[in-house]
Amino acid sequence: MAEPISTGALKDNKLLKGVFAVAGIMITLVSYGVLQEKIMRVPYGLNKEPFKFSLFLVLCNRVTTSAVSAGFLLASKKALGPVAPVYKYCLVSISNILTTTCQYEALKYVSFPVQTLAKCAKMIPVMVWGTVIMQKKYKGNDYLLAFLVTVGCSIFILYPAGTDISPYGKGRENTVWGVSLMIGYLGFDGFTSTFQDKLFKGYDMEIHNQIFYTTLCSCLLSFTGLILQGHLLPAIEFVARHNDCFLDVVLLSTVATASQFFISYTIRTFGALVFATIMTTRQLVSIMLSCIWFHHPLSWEQCIGAVIVFGSLYMKTFLRKTPQKPPPSEQTKNGTSSPLKENP
């Protein structure tokens, strides 16, 4: 049966596919960044009430992603049964919940530009976990890049232009809390990515199978955490009283789930090199948009730090563009060629 003309034209046209991939990633992840900053840092209502329930956002995101991944598995007529032992999915789930919670909580104390730039340093914990868990070896260029990114991030954090407006207070103590939470984010995120990689290599696992069971465990764990903290009903009551907050949470969960589709599509269609370039550009756009939208001032030292970070990342991307591509099997085995997905 012949395909529709529009579908065939899209498949044959590399430019349209590229525009589709870039637009999808930019729109979903940039929107995700703006929404998470708005929810966690901008008070709601006439009484200026801040939203404090980070775990509730995790629950909403994971419920949406779990439902969509189950739909993909059913539509493709693939087995819903777990491929790996359930406790291994739970390990990924726990570290992923801690990653996302630290990410949301950090926004109470540091600005979104600081958080976004700090995410660029995730290669450091990934290299540490890769050495410990996967026994991987890294080249001198990888260590040099990690050092440059760390220097750039440190300059950006240590030399702010002024005090950011936060509904949770001000001062050096809050900055320490924010940086500590970002360190927690980077550590847990590095473990999550590395252990996911180990699961894919250790088992014949389809990506939606891992997403489904990981997010299903996350739903149960985050729901239990909300009950134990006594935050479930207050969170529901908060979004019920503030319709704009309810809409923001729905949009956040939607774009977080949609971004996973565009990430997978881009990697499958264009490979890791193009994906890395798009993600680096997305982070730069997110910082610029946040500075404009939420009026974050940048000092000249921060501008230098940002140039060091993004310059290093772009340099790495273009240095990886070699004339001869290794076979797909080698690309899979080489930890540095596998892109790290965003963990919304």
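Cβ atoms are placed via backbone N, Cα and C, with glycine included.
Those TrEMBL annotations? Automatic predictions, nothing curated.
Owing to the predicted nature of the structure, the values given are computational and were not obtained by experimental measurement.
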Please find, within the list 110-130, 299-319, the residue stretch that TrEMBL describes as transmembrane segment. 299-319
In the same chain, residues at least 6 away from the ends of the transmembrane segment (55-75) whose Cβ sits under 8 Å of its Cβ atoms read 36, 39, 97, 100-101, 104, 206, 208-209, 211-212, 215-216, 218-219, 222-223, 225-226, 229, 231-232, 235, 249-250, 252-254, 256-257, 260, 344
Quick tally over 174-191, 211-233, 245-263, 299-319 of CB pairs under 8 Å to the transmembrane segment (15-35) gives the top stretch as 245-263
Given a Cβ distance threshold of under 8 angstroms, which distant residues of the chain, six or more beyond its ends, lie next to the transmembrane segment (174-191)? 95-96, 98-99, 102-103, 105-106, 108-110, 114-115, 118-119, 121-122, 124-126, 128-129, 133, 157, 166, 168, 343
